[in-house]
Amino acid sequence: MAGERRPLMAANWKMNKTVREAQDYMAALLPRVADLAGEVDVAVFAPFTCLSEVARMAEGSGVLAGAQNFFYEDSGAYTGEVSAPMLLDVGARASIVGHSERRELFCETDESVARKARRAVEAGLLPVVCVGETEEERDAGRMWEKVSGQVRAVVEGLGDASGGRVVFAYEPIWAIGTGKTASPEDAQDAIGRIRGLLRELRGEGFAEEARLLYGGSIKPENISEIMAQKDVDGGLVGGASLEVGSFLQLVEAARG
């Protein structure tokens with residue numbers, strides 16, 4: 001990881017945790033990360049039902065409270081959706097955009113993901129944009145075709161936003177929740193290519209400012225090798241983030 005980019009370790013709780021469970025988690029997490037300011041950024045992406053409580057508890061701590069999704073319009077007849085202004089209103093400062101589960105289960109497209117990323121930046125939310133390929137696409141030699149198309153769609157819609165205002169998370173879909181993990185070398189290959197594409201599309205400054213995460217069955221046993229890769233700036237963590245103890249191990253590993 002480049003020294004000038006601060007690592008980011010992000011917990012994605014997915015559809016887990018009640019308000020009480022979220023309170024207990026944050027009460028255990030916050031004292032342990034209080035001394036990490038300036039060394040590691042920590043984010044917690046919570047379900048909508050407990051997001052306001054996570055944001056309330058995180059206020060002033062340096063921990064980013066984030067949502068797992070939102071819609072790109074600010075208001076209107078969009079039953080079941082929430083908007084960027086609504087997230088800001090409850091204290092969220094970031095949002096995951098385009099997670100593979102959203103793309104697969106809820107039919108999100110490169111176009112809709114790009115619109116969400118642009119709206120997040122406009123509203124002042126930090127988008128964590130997920131990109132990645134299926135096992136079939138990888139086996140067919142189409143990994144880079146898929147990932148580069150996803151990245152291009154987002155970057156071309158960002159206007160003049162700086163690289164520091166967007167995060168990309170490479171999550172090989174075949175490694176999410178399966179116990180399979182891309183090798184550290186595979187993670188670096190994909191993420192290094194993404195940084196190269198950002199450089200091609202937006203220049204050196206944008207590419208060097210943007211933080212690029214790895215996501216896909218991250219756990220304490222493999223995080224150190226992954227974080228040792230020069231272009232990997234942190235992790236988007238699913239299952240291993242549900243227990244505060246294991247997530248703290250990942251945060252400590254990112255600290256170096």
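Keep in mind that glycine also has a Cβ here, set from the backbone N, Cα and C atoms.
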Handout entry: Candidate from Ser52, Ser148, Ser217 that Swiss-Prot assigns to the same substrate site as Asn12, Trp13, Lys14, Gly177, Gly238, Gly239
Key = Ser217
Problem - Coarse DSSP state, helix versus strand versus coil, of Gly177 (substrate binding site) - result: coil
Exercise for the section: List the Cα distance (Å, whole number) between Gly177 (substrate binding site) and Glu171 (active site, proton acceptor). Expected result: 11
Problem - Entry from the binding-site residues list Gly177, Gly238, Gly239 having the most other CB atoms no farther than 10 A - result: Gly238
Fill in the blank from the handout: All chains considered, the count of other Cβ atoms within 10 Å of the Cβ of His99 (active site, electrophile) is 27
Completion exercise
Three-class DSSP assignment, Asn12 (substrate binding site), comes back as strand
Completion exercise
Whole-number Å distance separating the Cα atoms of Gly238 (substrate binding site) and Glu171 (active site, proton acceptor) is 11
